[in-house]
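Annotated features, as they stand in TrEMBL:
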type: BINDING; residues: 262, 294, 296; note: Mn(2+) binding site
Ligand SMILES: C[C@H](O)[C@H](O)[C@@H](O)C(=O)CO
Ligand SMILES: [Mn+2]
């Protein structure tokens with residue numbers, strides 16, 4: 001028996017003593033996908049105009065060599081990252097990442113055929129795809145407004161983009177027999193105090209209604225809307241604020257997307273999950289890590305990440321919360337960034353599943369708050385890391401820091417030659 005198996009055997013006993021069956025937890029963890037964002041692989045450049053500026057109030061800093069410049073390179077990098085992460089995950093794709101047969105095709109004319117390469121790749125791996133219309137880095141969003149624009153023609157262009165993205169997503173869902181979630185995030189907002197806060201929100205609501213007018217089988221596509229407090233250049237006013245999209249999602253039965261980096265720095269999304277799920281059917285999470293002004297640092301094993309996963313598990317929300325990632329860092333190896341962020345998320349989820357929730361719930365219901373706090377502290381000493389290592393080993397991915405050797409070899413053999 002290997003050291004990892006021995007450690008797991010001991011961990012299994014310790015968890016059994018608090019009523020947790022680690023074998024069952026491992027099976028459950030393996031079934032929960034994390035939607036990995038394509039845009040970490042190339043600094044949100046996309047393939048439409050890779051050397052153009054990134055706009056929309058999001059920014060990537062750093063100039064680490066070896067970024068993907070073609071769909072094939074991005075897929076190769078994703079293959080490498082996914083080979084180092086336990087479990088079977090999904091890919092979250094932006095519309096600006098269409099295959100090379102889309103050169104010169106405008107965003108309001110994109111078709112499923114422009115994403116066939118991605119569909120074939122996902123099918124080959126047996127994974128699902130998620131999708132996002134791209135409302136930034138485009139001449140028609142140059143003044144910071146898209147679906148809420150004053151100009152009817154510009155609004156119409158972006159409405160058509162949203163409509164064709166839903167059809168592309170449905171084609172993905174159909175081909176993969178796995179519903180695609182299409183997330184709508186727009187950058188619209190003002191740097192300084194607006195006079196008219198109402199008009200852009202009325203126009204955004206109308207534009208969304210037009211985009212969602214056609215009903216699509218939820219087995220193929222489901223729509224999500226993502227709220228935000230502020231961006232770079234939209235510090236004073238964001239049209240698609242939290243209240244706007246919460247209301248829109250409730251009234252129109254849409255999935256609400258909560259990005260962990262989109263709130264006030266002292267606010268956390270973990271406490272919002274059980275509130276919002278009283279009123280909307282499902283949530284999409286963009287797991288991220290805000291650091292001061294930046295909402296998109298690589299996810300690490302923070303208290304907030306653990307709190308998010310605990311809320312999903314404690315609330316029995318696993319079937320109602322879709323876990324996606326949203327970070328981008330060009331100052332470190334981009335494949336490593338994916339691996340660090342996704343492994344952290346997966347480990348936090350596993351740890352939450354290992355919690356003796358029934359026991360804790362009973363202590364709380366009995367009013368024994370002393371024992372609740374004592375147990376929460378004692379649980380921190382249970383050997384979750386032995387279960388995590390065993391999860392990695394049985395998923396045939398490197399245990400511990402061994403994954404870094406593989407990324408370094410990939411960097412030497414592939415990334416450094418780009
Ligand atoms: C690239 C993504 O769509 C983007 O990060 C969005 O989800 C967001 O969070 C913008 O701040
Ligand atoms: Mn996001």
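Cβ atoms are placed via backbone N, Cα and C, with glycine included.
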- Item | Candidates 294, 296: member of the binding-site residues with the richest Cβ shell (10 Å) | 296
- Query: Which number gives the other C-beta atoms within 10 angstroms of the C-beta of residue 262 (Mn(2+) binding site), all protein chains shown included?
  - Reply: 25
- Residues within 8 Å of the 262, 294, 296 Cβ centre (excluding the Mn(2+) site residues themselves): 58, 259, 261, 288, 289, 290, 295, 297, 326, 327
